[in-house]
Every structure is written in C-alpha cells, then in structure tokens.
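J.: My questions all concern the structure below.
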C-alpha cells in the first residue's frame with residue numbers, strides 16, 4: 001500500500017514559514033534541504049508561519065512545472081499533498097508566505113526512489129547432489145537502479161556480486177536480476193541461499209536501504225543402494241509365508257513400491273510399503289519380485305527371485321517325544337498332521353500291549369487319553385498317519401512316577417529328657433521305590449539316612465519308612481526334626497523331586513528338685529499363720545498339688561496353688577503335708593511335718609497324803625499338765641540360798657521319812673517351746689513329841705499301807721496322764737530332760 005508522508009518546514013524535516021507582520025519584526029524560515037519519497041506512497045509538505053494573523057500562501061516548482069499535488073490552507077498552515085508519489089513529483093518545491101507587504105520564500109528538494117519488495121530467489125530445478133543448478137535473484141520495481149547492488153550467498157560464502165552502474169535512458173521502474181550456477185553437495189544440506197539487495201542513496205534518509213531474502217536449500221539425493229532382505233528364505237514350501245523387506249537410500253527418503261514381474265515383462269503393483277508379506281503361498285506365487293525406491297529426483301530398483309516348492313505333509317505328536325506323568329493323573333497324547341486334507345490315524349504301543357486309553361479323532365488331530373494313568377500305561381506309544389498313499393509314524397514315551405505326599409513323621413511316645421524315643425519317617429505310595437532315599441536331620445545335622453536299592457519284584461506303589469531311636473535332651477528343645485525324601489530320577493523332568501516334613505522338638509522334663517519352704521517354721525504356736533510354699537522344676541512347668549496324709553495313709557487333696565496358707569493354725573492341723581509337682585512327663589513328691597505347739601496349761605501340783613505331815617512320814621509331791629505334748633516338768637524346792645531342783649520321775653518326787661528341814665515351798669515349772677506355767681505349794685512338817693523314836697502298832701500298819709498305796713497312786717497318775725494327754729513328761733536330771 002502507498003505510504004503517506006507529511007513534511008513540515010522547520011526542525012525535523014518540517015518546513016516552517018514565519019512571517020512577522022509587526023513593523024519591528026522579521027520573518028525567518030528553517031527547513032531541511034531534502035526529503036525522500038517512495039513511488040506509490042503519499043507525502044504531505046506543510047508550510048507554517050508565526051507572527052502573522054492572516055498569512056497567504058502559494059506553492060510552485062522551481063522550474064514552474066505542474067505541482068502534481070493538492071494544496072490545503074488552514075490558518076497559519078499550508079499543506080501540499082502528493083497522492084501517490086510519482087516521477088512527476090521529483091522537483092524542488094517553493095512555498096511563498098505573504099503577510100501584508102512582507103514575503104518570505106523557502107524551498108525543499110523532493111527525491112524519488114522505489115525499493116518496495118524483498119528480493120526473490122528462483123531455482124532452475126530441484127537441488128540434486130552432484131547436478132548443476134542455476135539460482136536467479138530478482139529485485140522488482142527498483143529506482144534508481146544505478147544505485148543498486150546485489151549479492152548472492154550460500155550460507156556465509158559469497159557466490160556472486162553485481163552493481164548496475166549503466167546510465168538510465170529514462171526514469172522508470174526496473175527489475176534487476178543476478179544469476180549463479182553451482183553444483184550442490186552433501187555439505188549444502190541445511191544451508192540457506194541469501195539474496196541481499198542494497199540501494200545506495202546516502203544523501204537522503206529513508207528505510208530500508210537494504211533488503212534480503214533467505215531460501216533454505218532443499219537438497220535432494222536420487223534413490224540408490226536399494227537392497228532386499230528375505231525371511232525365511234527365497235526357497236519356500238507350499239503353504240508357507242515369506243516376508244520381504246526393501247530399503248533404499250536417498251533424500252528425501254524414497255518411497256518403496258513392490259511389484260511382480262509378469263510373463264509379458266510388465267510390472268504388477270503389489271504394495272506401497274517397505275515390507276511385503278506373502279502367506280499361504282502357492283506354486284504360482286513363484287516369480288520375480290521388484291522393489292523400487294522413488295523420490296522427487298529419481299528411482300532405483302532391485303529384483304529377487306522366489307521359488308515355491310511342493311510341501312509334503314508332516315506329523316507331530318505332543319507334548320513331545322517323552323511325557324512324564326504322576327500315577328493317578330490324566331494324560332492326553334495328541335497326534336496332529338499338517339498339509340493333508342483327509343488323514344487317517346491309528347495308535348498302538350511299541351510292544352503291542354493294550355492301549356488302556358480312549359482315542360478321539362477331530363479333523364487333522366487325534367488324541368489318546370489315559371485317565372487315570374497307571375502302571376499299565378508305562379509304554380512307548382506310536383501314532384501312524386496315512387495320507388493318500390503315504391504313511392508317517394511318530395512315537396512318544398510315557399514315563400511314570402509316584403511321589404504324591406510329603407513324608408509322615410511320627411514319635412513312639414512323648415519326648416522326655418533322658419528317655420529313649422523312636423522316630424518313624426514314612427513315605428507313602430512312592431514309585432519307583434528303588435530310586436528313593438530318606439534322610440533324617442536334627443537341626444542341620446543328619447542323624448540317619450536310608451536308600452532302597454533292592455530290586456523291585458514287580459511294578460507297584462510302595463510305602464517306605466526310616467526308623468531310628470535317640471535319647472532327647474533339653475538342648476534338643478526348639479530344634480527341628482526334618483524328614484527329607486528324595487526321588488532320584490535325573491532322566492525325568494518333574495517337580496517336586498524331593499519332599500520334606502518338619503517337626504519342632506519339644507523335650508519334656510519330669511518334675512524334679514521339688515522343695516517345700518515353711519514360713520515362719522514347721523513348728524509354730526497355735527493361732528499363728530503358716531505359709532507352705534512348694535516349687536518343682538520341669539518342662540512343661542509342673543502343676544502343684546497339696547495334700548495331707550491321713551492316719552490311714554491316704555492323701556487328702558487340699559489345694560492346687562503353690563502356696564498353702566493356714567491363717568490361724570490349730571493343734572489338729574499338725575501332721576504330714578505332701579506337695580506333688582505334676583506334668584505330662586511324671587511326678588515328684590516332697591513331704592513336710594507341721595507341728596502346732598500349745599503353751600502348758602491345767603497344771604496340778606499336789607502333796608500326798610497331805611501338805612501337812614509329821615516328821616518321819618513319807619510324802620509324794622506330784623506335778624501334772626493336761627493334754628500338751630512334749631512338755632518339760634521341773635520340780636524345785638525354794639530356798640533363800642537358792643532353788644534346789646529335785647530329781648523327779650514322771651513329775652513325782654517322793655520324800656521318805658520326811659524331816660523338819662523338808663518343810664518349805666515346792667514349785668512345779670511346766671514348759672515347752674510355746675511357753676511355761678508355774679504352780680507352788682507349802683509343805684508343813686510337824687515334829688514328834690520328845691523327839692523320841694516311837695514305833696506303835698498303828699504306825700506300823702500306816703507304814704505298811706502307805707508303802708502299798710503310794711506306788712499305786714503313782715501308777716494311777718501315770719496311766720491317767722498317758723491316756724488323757726497328748727504329749728509326754730520328763731524327769732529332771734540335774735537341770736531338765738525332754739521326753
């Protein structure tokens with residue numbers, strides 16, 4: 001589109017015309033000497049005045065040619081517009097401003113040029129490596145062309161430069177060009193052709209004074225080095241398939257076309273892909289196949305010859321030449337035929353024994369099912385396929401084994417520390433048993449192993465076992481007993497070939513070291529609390545059972561707590577107590593005797609025949625204590641000079657022919673570990689008159705009677721004590737004696 005340019009006289013290319021109408025003022029005008037205008041654009045020249053209210057303006061060219069523009073006056077401004085700029089506007093223009101009698105005139109030179117478009121790059125043909133090509137650079141509608149300079153570059157390399165300095169015969173817009181011929185190479189790929197044009201008009205100011213165009217080089221390479229790969233082979237079986245892959249070098253990458261050469265030499269297009277796959281090939285698919293790589297600058301071809309051969313039928317038997325099966329499983333043998341439309345099948349064993357299976361035919365496949373498979377099926381089986389006049393036979397061997405369960409580990413009894421136990425490891429229903437090995441481990445140590453290498457009389461499922469006896473200890477607790485069974489059949493592939501069972505050992509310990517602790521003591525006073533604590537070692541920890549032994553020897557159960565407590569012991573609680581530690585491995589027993597003591601009581605101290613006797617009489621002093629066992633009896637005679645311990649027998653002291661000095665206080669002390677009790681009496685001895693020996697008949701009778709009665713009384717007292725009291729009495733010998 002044409003541009004519009006406004007030029008104002010004065011500063012910055014503006015034409016100012018200043019008129020001073022005042023009698024004392026002067027008019028001055030400031031303007032640039034030149035202005036540039038491009039042909040086809042619009043330019044406006046504006047003339048302005050100051051200092052005059054009503055100036056008048058006029059425009060003309062310096063040579064009085066037509067203005068070729070429109071003038072518009074507004075106040076102090078006058079504008080000359082050239083729309084569009086043409087060669088007729090290339091003049092020096094004058095603006096005259098009149099204010100009263102004053103006139104002022106200024107001029108401006110309008111320079112005309114044309115440089116509207118970037119250069120154009122043209123190629124004589126596609127850029128092909130190794131082939132020359134002509135590059136033309138065009139600059140259209142340029143003026144003045146004698147100021148034009150053109151450069152053509154390939155990347156940063158200058159190919160050609162040209163100036164147009166010939167004189168112009170007339171003013172006109174010209175199209176100028178620069179031509180260069182060069183041969184592209186691989187190194188030119190990705191480079192750019194640059195056409196640069198410069199309009200050298202330094203005397204005037206305009207933009208742009210330089211234009212350039214860049215064209216990226218699209219360098220082509222004609223297809224070459226075309227090659228073909230064939231998979232699996234160029235010789236094929238009828239019904240097979242083939243994949244042919246073609247590749248060709250070039251730039252841009254060539255497109256691949258596959259064709260087949262007909263008998264008349266023409267090509268039959270098959271595919272536009274690089275890979276051609278032919279399936280279910282027939283004999284007529286034999287022939288020559290052509291691959292062509294094609295791009296914009298050429299093509300390159302390669303041929304391959306395919307030969308399709310007649311294919312014979314084949315027989316396959318699955319799952320393979322050998323099948324490993326476990327007795328009791330289901331086995332399916334499959335015989336398949338290919339490349340035969342109507343085959344017939346037959347099955348047999350290699351030794352012509354019964355098949356013992358079910359045969360089924362479906363099209364090109366026949367199956368023999370053995371379910372469940374047993375020892376009678378351990379044979380080599382043959383499948384015969386007849387197709388027309390041809391027969392093919394394939395065989396498969398059925399090998400059997402039986403190893404269905406993990407070993408079974410059993411103990412002859414409970415594991416008790418120190419007691420022998422027999423371990424049995426049994427492997428059920430194994431075949432062939434002569435390949436079996438059983439190993440017995442305790443922890444990681446093998447303790448027994450056994451192989452069964454004896455010949456088998458017949459094919460059968462066998463149950464084999466390994467036994468051993470060992471003495472467990474507490475160190476065995478936590479260890480693992482492992483029974484490992486291995487079926488050594490290396491020539492057969494199956495899993496598992498070894499099985500194992502484990503049993504963690506827990507060794508019991510029969511109760512032992514049973515102890516009883518009585519607190520505070522096994523002998524206590526009546527009313528005191530008693531704790532009897534029982535403990536016993538063993539695995540598992542023994543249970544505690546408290547019992548009391550009765551008078552008939554039997555045990556009376558009391559408690560299953562380790563601690564037996566009597567909060568207030570009574571005398572009848574005395575006796576034998578039994579603690580038993582019991583677990584599944586045995587029993588341990590401990591007895592303790594508990595004695596409940598009672599402080600002495602009911603003491604009786606008597607003098608016989610009386611506490612008052614005559615000198616010469618016989619006196620028995622007797623001390624008894626009721627129903628208390630293990631009591632000490634001490635008889636004393638009190639005196640100021642000190643007590644005298646009397647020699648008593650069963651608590652009785654006899655004084656024959658009592659004397660006056662025998663009179664006094666007699667004391668009985670009854671004590672045991674629970675306490676003591678005292679009793680005393682005063683014996684009064686009266687003297688005889690005249691202090692003469694007197695022996696009357698009456699005294700003789702009394703003496704004789706007392707000699708019989710006193711021992712009798714003593715015996716009565718003794719047996720009464722023994723019958724009615726729990727305990728015994730002591731005679732005091734010097735100090736005291738315990739009975």
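Counting begins at 1 with the first residue displayed.
Using N, Cα and C of the backbone, Cβ positions are placed for all residues, glycine too.
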J.: Looking at the ranges 677-698, 699-720, which is given as transmembrane segment in Swiss-Prot?
T.: 699-720
J.: For the C-alpha pair, I'd like the distance in angstrom between residue 99 (disulfide bond) and residue 76 (N-linked glycosylation site), rounded off.
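T.: Between the Cα atoms of residue 99 (disulfide bond) and residue 76 (N-linked glycosylation site), the distance comes to 11 Å.
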J.: Just jot down the residues in the same chain as residue 77 (N-linked glycosylation site), at least 6 apart in sequence, with C-beta under 8 A of its C-beta; none if empty.
T.: 46, 47, 48
J.: Can you give the mean pLDDT for the domain 'Ig-like C2-type 7' (600-684), rounded to a whole number?
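T.: Across the residues of the domain 'Ig-like C2-type 7' (600-684) the model's pLDDT averages 85 on the 0 to 100 scale.
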J.: Measuring Cα to Cα, how many angstrom lie between residue 291 (disulfide bond) and residue 534 (disulfide bond)?
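T.: The Cα atom of residue 291 (disulfide bond) is 105 Å away from the Cα atom of residue 534 (disulfide bond).
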J.: Which residue counts does DSSP give the domain 'Ig-like C2-type 6' (511-595) for helix, strand and coil?
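T.: For that range the per-state counts are 3 helix, 57 strand, 25 coil.
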J.: Compare the Cα of residue 52 (disulfide bond) against each of the recorded positions 273, 383, 531, 534 and report the nearest.
T.: 273
J.: How many helix, strand and coil residues does the domain 'Ig-like C2-type 2' (109-212) contain under DSSP?
T.: 6 helix, 57 strand, 41 coil
